[in-house]
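Residues annotated as substrate binding site in Swiss-Prot, with similarity to another entry given as evidence: G75, D76, Q77, L78, R97. Summarising the annotation, Swiss-Prot assigns divalent metal cation binding site to D98.
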Amino acid sequence: MSLATTDLCDAFDAEIQVLDPVFQSFGGHARFHGPIATLKLFEDNSLVRQMLGEPGNGRVLVVDGGGSRRCALLGDQLGELAVKNGWAGLVIDGCVRDSAALGKLPLGVKALAAHPRKSVKRDSGQRDLPLRVAGCDILPGQWLYADEDGVIVSGRPLG
């Protein structure tokens, strides 16, 4: 079966959540999927760096950045770290920077917008907890599928 979000919605509509269509694609891979890891933070990407420094094992990092459009939570250096450590992608309720460089990486990246300002570094935030992002409840260990048509979440691997 295809892992296109449209096909997954058709086949598994009762089992999935569709995130509100608020994200733009910034990574070199428009299509990505994997089990979810979560972070909740605000204008501080210290935990993003910490998490991406760990083995990704094909996971997708979902970052609840509070929807801030005042600074970026991911740039080219953290994108390269994600690739090096085997992350499939990121979905960020916030901004990214170095968007041209991110677009060349073999990584899925969805975010609200690009912003040139870097975040603060105060080691604040939480990891591995339930989130509410783009109208959906998201839990660590659920599965995320993203492509040109949107982002969906399921309690189990689909397809």
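Just so you know, glycine gets a Cβ as well, placed from its N, Cα and C.
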Spatial separation of D98 (divalent metal cation binding site) from G75 (substrate binding site) - C-alpha basis, Å: 5
Distance from D98 (divalent metal cation binding site) back to D76 (substrate binding site), taken between C-alpha atoms, in Å: 6
Q77 (substrate binding site) in three-state DSSP notation: helix
CB-centroid shell, 8 A cutoff, substrate site G75, D76, Q77, L78, R97, site residues removed: A72, L74, G79, E80, V96, D98, A101, L102
Cβ neighbours of Q77 (substrate binding site) where a neighbour is any other Cβ within 10 Å: 12
Inter-residue Cα distance where the pair is L78 (substrate binding site) and D98 (divalent metal cation binding site), in Å: 10
Protein Cβ atoms within 10 Å of G75 (substrate binding site), excluding its own: 21
Least surrounded among the binding-site residues, given as D76, D98, when other CB atoms within 10 Å are counted: D76
Protein Cβ atoms within 10 Å of L78 (substrate binding site), excluding its own: 23
Cβ packing number for R97 (substrate binding site), 10 Å threshold: 22
